[in-house]
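A.B. asks: Handing you a structure now.
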């Protein structure tokens with residue numbers, strides 16, 4: 001009898017579980033611990049323009065998830081305007097439209113952006129290869145000379161771009177550069193020169209994020225592509241290479257940030273705030289919106305009420321694992337195999353101390369009444385039903401009494417699974433008659449110990465976080481339990497039980 | 001207080017997990033369990049195979065039948081009521097004699113007819129059966145147990161448990177009821193377990209509550225002189241149960257009747273591990289040896305094989321050597 005298929009299944013479950021868990025962590029940045037804080041930027045863009053008194057159309061670039069940032073939610077406030085989100089060549093835009101507008105107009109767009117260091121770069125595709133650039137005299141010679149000078153001192157696209165930009169920086173401007181700057185703006189000029197040298201480049205607009213800043217505007221950056229399609233950002237003023245950590249690219253497609261038809265004096269200004277929030281809640285919102293593929297299968301897409309239910313359901317395997325560990329590895333006796341898990345679930349609702357007191361009270365009183373019922377010579381099912389009603393009565397009395405005495409905690413006693421409690425009482429009563437009170441203490445104590453340990457495991461915020469956010473954990477648990485089911489070694493308590501044999 | 005896994009392994013002790021996976025799971029086909037879990041089926045099967053077992057007075061299968069139990073019991077001085085599907089000795093009621101309409105347990109406790117009826121009713125509603133399913137009550141004649149063992153037991157009938165592995169009797173013990181065990185022969189309830197040498201049927205070692213004993217706690221009689229007569233017959237009976245049930249790892253419980261010799265009381269597909277304590281030895285080396293056997297043998301040959309390979313010497317002190325402080329203990 002080969003055990004190979006068994007180990008294959010276990011290995012498969014383990015690999016699938018770990019892969020799913022890692023995928024969840026890396027792809028969605030679900031943190032390993034519940035307390036982890038994430039920085040979230042709230043950015044508000046305010047578009048101002050003067051409408052000409054007729055139909056108006058405002059088209060503004062919107063930020064996308066990108067390297068270092070992930071867009072969580074976005075809202076607009078624009079009374080009277082129609083709004084559509086457009087997606088053009090990988091860059092997102094919003095288009096507001098109105099039939100009749102006049103005077104000063106304000107449109108608002110706000111976005112929440114999560115700082116996510118592992119977020120994948122989702123840049124717009126590189127622009128098409130530059131077409132021949134045509135200059136007017138005398139700028140053509142100036143441009144050619146500037147390009148020649150930078151070309152001879154560079155090795156590739158990036159060093160060329162750096163050299164070109166430094167030639168245009170204030171203190172080292174040559175004659176040619178000064179001439180070109182009289183006719184052209186610096187950034188479009190640089191892009192044009194790069195294109196003429198056969199290098200793909202475009203102007204992009206970004207927002208420097210600083211906490212509490214208002215009335216900020218976008219800054220221009222030059223994105224330079226090398227032959228392999230990789231790109232690097234350059235600061236057009238200093239020639240500095242690379243993206244600052246706090247730069248959020250707002251428009252990355254080489255297009256205008258804001259286009260207004262039917263209006264004038266348009267401008268956009270930004271204000272921003274940063275705050276820290278628990279990573280779990282940031283992630284939750286993000287997962288809730290991401291319901292696209294099956295791989296993103298997530299409980300977060302369910303309504304909140306069902307989510308809360310699942311949070312509990314997904315904990316049951318943890319409680320069951322505690323039972324398996326205690327029974328297979330330790331050898332503790334419990335009354336009813338998984339009864340302790342249900343008691344532990346009740347403890348979660350009642351808190352531990354209240355739960356323990358309530359459980360002991362109900363079982364103790366139940367045992368006394370059950371003892372009387374045994375004299376009535378009833379059929380089993382009828383007797384257990386009588387015990388169920390008794391348990392309900394006990395719980396009602398305790399609830400009312402504790403409420404009268406002002407102990408609101410006593411009310412939570414109603415969370416106990418009454419039918420399970422009744423069977424526990426029935427079994428313990430029989431155990432008492434047959435094996436004596438000692439066995440009742442052993443099994444009852446074992447059940448309570450298991451229930452308390454299961455409660456501690458299931459109520460641990462870290463475990464709650466893991467089981468709820470990583471469904472792969474369930475597969476790993478399954479693999480662990482399968483392995484435990486294959487354990488032929490001694491139980492801890494057997495080391496004590498069999499000790500006399502080894503003493504001779 | 002604690003032993004180490006290494007020491008237990010050196011002794012060949014089998015733990016619960018190993019028993020469940022390696023022996024019960026592998027050698028006991030679940031399809032065959034009903035044969036041993038239902039004592040009525042076991043009894044009928046034993047009768048068909050010519051294996052002696054206690055006389056069946058009757059069965060009660062319906063709550064209606066409970067009212068007629070009195071007629072059934074009439075004329076029987078002593079009897080045993082047990083659930084057909086009980087486990088671990090649960091729900092077994094032993095009535096030694098009837099005195100003036102009252103039923104007397106071996107402990108001397110008097111029960112009324114309605115007590116007995118309630119007990120039968122409980123059995124029928126499944127109180128003592130595995131999984132709580134409805135059950136049948138079995139009423140058997142009391143065993144006239146061999147008085148040679150009267151000194152070794154307190155109330156109750158001493159029974160002999162033989163573990164039969166693939167038809168080989170591998171280990172045996174006798175269970176002596178005590179005051180602590182309420183006349184029942186269950187070790188965890190306080191009965192004394194006496195390891196029995198497979199070769200001779202003589203006592204090797206005694207334990208109560210997992211601690212070594214040299215005498216019976218109630219009668220004070222030393223255990224060293226305990227020797228079972230007709231041992232080979234008993235082993236043959238046990239070995240036959242393998243062919244009867246087809247279960248590879250089997251616990252056979254037998255009693256010695258004054259008139260009929262060894263009798264099969266019940267079978268157990270999940271025999272406990274306490275027998276290792278009573279023998280002061282682990283089952284593993286013996287089970288491994290049996291597993292290595294490839295030759296097909298009949299019951300008599302298997303018994304001979306076991307008697308040859310599993311012979312042991314007594315660890316018990318004889319009556320003469322019994323020190324006074326131990327006798328008093």
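Cβ atoms here come from the backbone N, Cα and C positions, even for glycine.
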A.B. asks: Tell me which range among A:279-299, A:405-425 TrEMBL lists as transmembrane segment.
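C.D. replies: Of the candidate stretches, TrEMBL labels A:405-425 as transmembrane segment.
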A.B. asks: According to TrEMBL, which stretch among A:230-257, A:342-369 corresponds to the feature transmembrane segment?
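C.D. replies: Among A:230-257, A:342-369, the range TrEMBL annotates as transmembrane segment is A:342-369.
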A.B. asks: Are there residues at least six beyond either end of the transmembrane segment (A:405-425) with Cβ under 8 Å to its Cβ atoms? List them, or say none.
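C.D. replies: Here the qualifying positions are 335-336, 339, 342-343, 345-346, 349-351, 354-355, 358-359, 362-363, 366-367, 370, 384, 387-388, 390-392, 395, 398-399, 447.
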A.B. asks: Can you work out whether the transmembrane segment (A:342-369) touches the transmembrane segment (A:470-490), with the criterion being 3+ CB pairs under 8 Å where the paired residues are 6 or more apart along the chain?
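C.D. replies: Output no: the transmembrane segment (A:342-369) is apart from the transmembrane segment (A:470-490).
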A.B. asks: Determine which recorded stretch among A:308-330, A:375-398, A:470-490 has the most C-beta pairs below 8 angstroms with the transmembrane segment (A:440-458).
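C.D. replies: Stretch with the highest Cβ contact count: A:308-330.
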